[in-house]
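K.L.:
This is the structure I want to talk about, given as structure tokens.
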């Protein structure tokens with residue numbers, strides 16, 4: 001009897017315990033369902049950014065949203081977002097209210113792929129607080145930049161921001177500095193690209209300025225330190241946003257931006273094409289594309305492209321298109337310092353950097369702006385192991401007080417320094433004039449050019465015949481005869497060739513074949529330089 005009672009008591013306790021367990025399980029399941037619902041709600045909220053009304057306003061401005069831009073830039077389905085649930089930490093000025101909390105804050109960050117190649121990206125969301133930068137916003141950007149440096153992958157920033165978030169005060173300024181530091185740390189390690197797709201003002205402008213390439217969208221993007229209202233109050237100048245910091249200003253006058261595109265879609269599609277020229281990092285080679293353009297292809301039209309009259313202009317871009325693969329050339333800064341041409345192309349499938357003087361503009365003279373433009377490009381190519389092809393037709397440095405007062409000596413030295421410092425394969429082709437110090441600067445043999453060619457039309461000399469005759473034959477009765485004598489002796493490729501300053505005098509039609517062959521040989525080039533902390537380029 002007693003045993004039966006004990007069994008009954010144990011059974012009762014077990015029944016109570018089981019009931020409690022069932023209740024606990026139901027509670028846990030309910031909690032899990034609640035958490036999952038919250039997660040999904042947060043995701044839906046994050047995907048909407050600042051809400052449908054603000055998305056509609058963004059579209060009315062002719063602009064895509066932050067997420068639409070990422071979707072168009074990256075391969076379909078490749079985007080892996082990070083920090084979607086991050087929110088700002090500001091509690092002042094009513095910012096702690098739920099209505100002022102947006103999952104992801106005002107920037108979308110993550111990684112994805114462009115034509116199968118890894119890239120990290122951040123896209124500022126103008127629909128959330130005007131894309132303004134908070135401490136959390138900066139933290140998200142810094143996190144993906146750190147990851148990109150660690151794994152060796154490029155960073156692309158899609159900028160559309162009203163500036164620092166005033167409510168956060170100095171924390172926003174600290175956030176900018178954190179980003180700037182990473183821009184500098186990543187420089188020369190991974191490619192960094194900025195695409196300005198809206199406003200970018202105040203301290204925000206320095207991050208794009210520190211990146212390797214800055215592109216803009218016409219009519220909707222602006223870059224300036226201080227806006228029109230501040231300019232008016234300080235200098236009494238009346239200027240519009242477009243005039244002060246629009247795409248035209250920065251691609252034609254300041255040189256801050258490298259190219260401008262018609263709209264968001266055009267910009268993002270071109271950015272995908274541009275990305276294909278670049279290596280993932282300084283430790284990786286540039287991608288090699290299958291080439292259907294024969295490497296030994298002759299270009300007969302080049303034999304007559306240089307005019308017989310040395311003062312007559314021609315278009316160096318035509319020469320570049322003729323020798324590169326499939327005539328494809330992605331020019332950088334095409335509307336700034338037009339007397340020098342820089343850009344990317346492929347030779348037998350390999351990415352190469354092209355530098356060339358433009359006889360159509362200022363006779364191809366080097367000046368302050370062209371020297372800085374060329375130097376910056378050469379240094380990028382050298383940092384990322386991209387071979388350099390240089391086409392030379394340069395009568396010298398542009399004379400005048402404006403150039404001298406502006407510091408042409410220092411700025412011209414930048415281009416010289418960049419070519420001398422570069423250890424990548426360097427092939428130089430002198431098509432016509434190579435006069436004076438400008439001859440030395442343009443990737444000459446004396447600056448460790450690997451292969452230096454001259455066309456039969458090349459004139460390699462201290463200066464042009466007219467100027468030389470006025471000095472050498474001053475007071476000579478027959479000036480024309482003296483000039484002819486000088487041309488015969490010096491204004492041709494032979495004086496340089498007999499001294500080994502050019503490796504060969506080639507027929508222009510064979511230029512592509514010779515360059516492709518040289519690049520094959522130079523692919524294994526290695527150069528050891530003395531150790532130093534860093535160089536001191538004449539800034």
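Numbering starts at 1 and runs along the chain as it is shown here.
Each Cβ is built from the backbone N, Cα and C atoms, and glycine gets one as well.
Remember, it's a predicted structure, so these values are computed and weren't measured experimentally.
These came from Swiss-Prot, pasted as-is:
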DOMAIN    32-290  domain 'CoA carboxyltransferase N-terminal'
DOMAIN    294-533  domain 'CoA carboxyltransferase C-terminal'
MOD_RES   71  phosphoserine
MOD_RES   99  N6-succinyllysine
MOD_RES   99  N6-acetyllysine
MOD_RES   248  N6-succinyllysine
MOD_RES   474  N6-succinyllysine
MOD_RES   474  N6-acetyllysine
MOD_RES   489  N6-succinyllysine
MOD_RES   489  N6-acetyllysine
REGION    32-533  region 'Carboxyltransferase'
REGION    325-358  region 'Acyl-CoA binding'
TRANSIT   1-28  transit peptide
K.L.:
The region 'Acyl-CoA binding' (325-358): which same-chain residues, six or more beyond its ends, come within Cβ distance under 8 Å?
P.N.:
213, 251-253, 255, 258-259, 273-274, 277-279, 286-293, 295, 315-317, 319, 364-367, 369-374, 377-378, 380-381, 386-394, 442-443, 512, 515-516, 519-520
K.L.:
May I have the DSSP-based helix, strand and coil counts for the residues of the region 'Acyl-CoA binding' (325-358)?
P.N.:
3 helix, 20 strand, 11 coil
K.L.:
Any same-chain residues 6+ apart from residue 489 (N6-succinyllysine) with CB under 8 Å of its CB? Would you list them in sequence order, or say none?
P.N.:
495
K.L.:
Using a 10 Å cut-off, grab the number of neighbouring Cβ atoms around the Cβ of residue 71 (phosphoserine), all chains included.
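P.N.:
Taking every protein chain into account, the count is 16.
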K.L.:
Quick one, of the modified residues 248, 474, which Cβ has the fewest other Cβ within 10 Å?
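P.N.:
Selected from the modified residues 248, 474 on minimum Cβ neighbours within 10 Å: 474.
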K.L.:
What is the average pLDDT across the region 'Carboxyltransferase' (32-533)?
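P.N.:
Its mean pLDDT is 92.
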K.L.:
How many whole Å apart are the CA atoms of residue 474 (N6-succinyllysine) and residue 248 (N6-succinyllysine)?
P.N.:
48
